[in-house]
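In Swiss-Prot this protein carries:
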{"type": "BINDING", "residues": "Gly74, Ala75, Thr76, Asp77, Gly78, Ile79, Gly80, Asp125, Lys222", "note": "NADP(+) binding site"}
{"type": "MOD_RES", "residues": "Ala2", "note": "N-acetylalanine"}
{"type": "REGION", "residues": "2-82", "note": "region 'Required for mitochondria translocation'"}
Amino acid sequence: MAAVDSFYLLYREIARSCNCYMEALALVGAWYTARKSITVICDFYSLIRLHFIPRLGSRADLIKQYGRWAVVSGATDGIGKAYAEELASRGLNIILISRNEEKLQVVAKDIADTYKVETDIIVADFSSGREIYLPIREALKDKDVGILVNNVGVFYPYPQYFTQLSEDKLWDIINVNIAAASLMVHVVLPGMVERKKGAIVTISSGSCCKPTPQLAAFSASKAYLDHFSRALQYEYASKGIFVQSLIPFYVATSMTAPSNFLHRCSWLVPSPKVYAHHAVSTLGISKRTTGYWSHSIQFLFAQYMPEWLWVWGANILNRSLRKEALSCTA
């Protein structure tokens, strides 16, 4: 009986001494929960503020904000073409840059006829390296470029492991995905700084959120573009330059053409026209955005999920996309 009493008294003493620690842990838990709840609420408020509220008011005057001419690289199809058309619908004159002269002329004529704006073309193969930038610089020297859209990029033929890529494809990723955006900014930014206004939009990718297996070089190149854009914004915001990192997830372009699965999810995988219409409405509002409401939801999930879960999901999706692409070419 004495032993039971002694145990009970010991238990009471231990419980009393632990009370303060339990209260401290409860406070830490409450603080963590409140912080996470506020973060989630703020994220969803940002989603509404960015993708829905601007659509209720009048469209921003991009010519007044930035200038009359816009330069769009990779502009003959996909997001680049749709973005150029959306800018033209707002009255901007468009300079289209791509490697296929015939396609450039067709797109330039369509834009000029449809939107009654001036268009110009520059034929340039960004995979050729540094020699193409002198002619581009000469062609743009007399233009007051207000908006630069760095869209040109190359993708894998389909998701695959790094050693399965050819050396030529790796150089294309370096020259087109990384060097092109860097050098195009170097060409147009001095004029923007001199005029104290301008906008630079660089199109990255949702694969830059976390390391993405089976797209290693591509996702790394897009992570470079994201960091490059964010750093430029810090450097040049005080000089009147708006720099936006645009981070789309899947859009229904030639890159996703082999996948029937992706094209069935239209609310997750918008057409280039729908995507560009939403993305342009974020210009001047958000420095870093996916450009489309459902992509922003995907981005939030990507930010919150642990890296191992992202990698697991990416492996499953990319294996499926590779299998589907190979079955189409067989």
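Just so it is clear, glycine is given a Cβ too, placed from its N, Cα and C backbone atoms.
Everything Swiss-Prot records as a feature, shown here on the structure.
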residue : record               : Cβ contacts under 8 Å, 6 or more apart
Gly74   : NADP(+) binding site : Gly80, Ile97, Ser98, Asn151, Val152, Gly153
Thr76   : NADP(+) binding site : Leu96, Ser98, Asn100, Lys103, Leu104, Val107
Lys222  : NADP(+) binding site : Asn177, Ser204, Ser205, Ser207, Cys208
Could you pull the average pLDDT for the region 'Required for mitochondria translocation' (2-82)?
76
Go through Gly78, Gly80, the listed binding-site residues, and name the one with the sparsest Cβ surroundings, counting other Cβ atoms within 10 Å.
Gly78
In terms of DSSP three-state secondary structure, what is the assignment for Gly78 (NADP(+) binding site)?
helix
